[in-house]
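Working notes for the structure below.
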Amino acid sequence: MENIFETNVLDSNEAKVMDKLTIESGIMEETLMEQAAFAIADVASSFSPKKILCVAGTGNNGGDCIAAGRILHNKGYNVEIYIYGKNQSNGFKKQLLIAENYGLKIKYNKDFSDEYDLIIDGLIGIGLNGEVRSSIKTVIEKINSSNAKVISEDIPSGISSDTGEVMGDAVHADITITFGNLKIGQILYPGREFSGKLKIAELSFKKFISNRKIITPDIIKVPNRKKDSHKYDYGNVLILAGSSKYPGAPILTALGAQRIGAGLVTLITPGDSSKILSFEPSIIYSSLNKNNFEKNDLKKLNDEIERANVIILGPGMTEDSIEFVVELIKKQGRTKNIVLDAESIQAIKEFESLSENILITPHVGEMKKIFKNLKNNIFELERFSKQKKCIIMLKSSITTITDGEKTFFNLLGSSSLSKGGSGDLLSGIVGGLIAQGLDTINACITGSYIMYKTAKELSNEYTEYFITPKLISENLYIGFKL
Ligand SMILES: NC(=O)C1=CN([C@@H]2O[C@H](COP(=O)(O)OP(=O)(O)OC[C@H]3O[C@@H](n4cnc5c(N)ncnc54)[C@H](OP(=O)(O)O)[C@@H]3O)[C@@H](O)[C@H]2O)[C@@H](O)CC1
Ligand SMILES: [K+]
């Protein structure tokens, strides 16, 4: 992605509101369209095309496309415009009239040939209203089968700007030039892939602040470290995790919490995870010498729980420990910071509402187990977070963090993280940041950023095949270099 000076991510409704507010403030729609068209024409020129095809729908996205074609024609390029659709927007009509007056070649609902080396896709933008109709689908297929480079205007036609889903079929762009702000559909897969390179063209929009943002280095908050300090200044993390079946996962969690800077990390497992001591002897470790956590273990763990300022539950747990987790949430859920990861997340089914000091960190599969209707849908995720009153960090190719009001997207994910243990490490990192005083949302933003950046930098050297969560934990310092 290049030229990302704007980190707001809009949904289609917000984009329309921004447009309306701008026009109400006195900037004319034609001005915005002309600016959009110049931005498209600039990028188009950089390809030094011999023959350009502008494929326009009959809404304002089509209007932009015709205007870009007219500007390129004026610059001396060989341009043809093909129009598909019936209901013409006012903006479209105006552009069509100007293009005709300027002597451009325009064809309606006709098949185009394969003689172009650049196609500008202005079929549908943020006005897509459902699955792409078959007549337009045929045009999209034609664009995708051409050898020409493809520039999509605003969003590849056929991609939902709200979810990133392919609505029947969609244009595969080499570059997408979006106007004013990013849209959700360009951030989430598969839309992100269909968008190709993303570029934002800054139009004269009235400033519009969205509650959804991509995570960039300027919003990372690394906790301070004082010269005159002791271990209690940096928090006390208690990790209750693992099982006789999965003794390895909690080791990664403990390493994550420790290497992100927590003052004290205590790991208590049912089974034997004592290997942690050979990796990092500074971790306080004990085992309950059983298969799983049980409800009555809470009494035994009382002192450790009281001392902790964050409790991480879940990595390597099996469902036999869920009753224990439910009980712990009942007793401590309103007062302690709690991170629920992996199997322990299932415990939230027992609660109508939680509290904002509870974070759940599911991957998509785990989320679907508690929230069956989950699709690639940010609105649903935000609603769920609000309704359950908990913070969610949904781990995926694009990790999404929300408290129901504000949402943040981490775009640094890579296949080096698609490995068992990555989530275990991340919960430890985030817990370690909460222990050091960051609020939960900022701990998720900063923790995921540092970990994913480390993975990315390591992958450049060692490949995405080779990277393991343990290797990431050992090199976590890389991610601190913002
Ligand atoms: N926002 C801004 O600030 C600015 C916005 N600008 C631009 O305006 C764009 C938004 O324009 P918009 O609202 O006119 O809608 P738009 O994307 O052209 O889509 C409507 C067209 O798509 C068609 N169509 C829809 N669904 C369909 C389907 N399922 N299957 C098939 N066809 C379908 C629909 O056909 P219809 O359903 O009416 O027959 C109609 O032809 C925005 O993305 C940006 O490029 C710039 O000018 C700068 C300022
Ligand atoms: K488009």
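Backbone N, Cα and C atoms are what each Cβ position is placed from, and that goes for glycine too.
Curation plays no part in TrEMBL annotations; they are all automatic predictions.
According to TrEMBL, Lys395, Ser396, Ser397, Ile398, Thr399 bind AMP; the candidate from Gly365, Gly423, Gly428 that the record adds to this site is Gly423. Among Asn60, Asn61, Asn211, Asn224, only Asn61 appears in TrEMBL as part of the K(+) site alongside Asp121, Ser157. Proximity of the binding-site residues Asn61, Asp121, Ser157, Lys395, Ser396, Ile398 to ligand 2, judged by a Cβ distance under 6 angstroms to any of its atoms, singles out Asn61, Asp121, Ser157 in sequence order. Within the group of binding-site residues (Asn129, Ser157, Ser396, Ser397), the Cβ with the highest number of other Cβ atoms inside 10 Å belongs to Ser157. A straight line from the CA of His363 ((6S)-NADPHX binding site) to the CA of Ser396 (AMP binding site) spans 6 Å.
For the recorded site, Asn60 ((6S)-NADPHX binding site), the DSSP three-state label reads helix. Using a 10 angstroms CA-CA radius around Asp154 ((6S)-NADPHX binding site), the binding-site residues that qualify from Asn61, Asp121, Lys395, Ser396, Thr399 are Asn61, Asp121.
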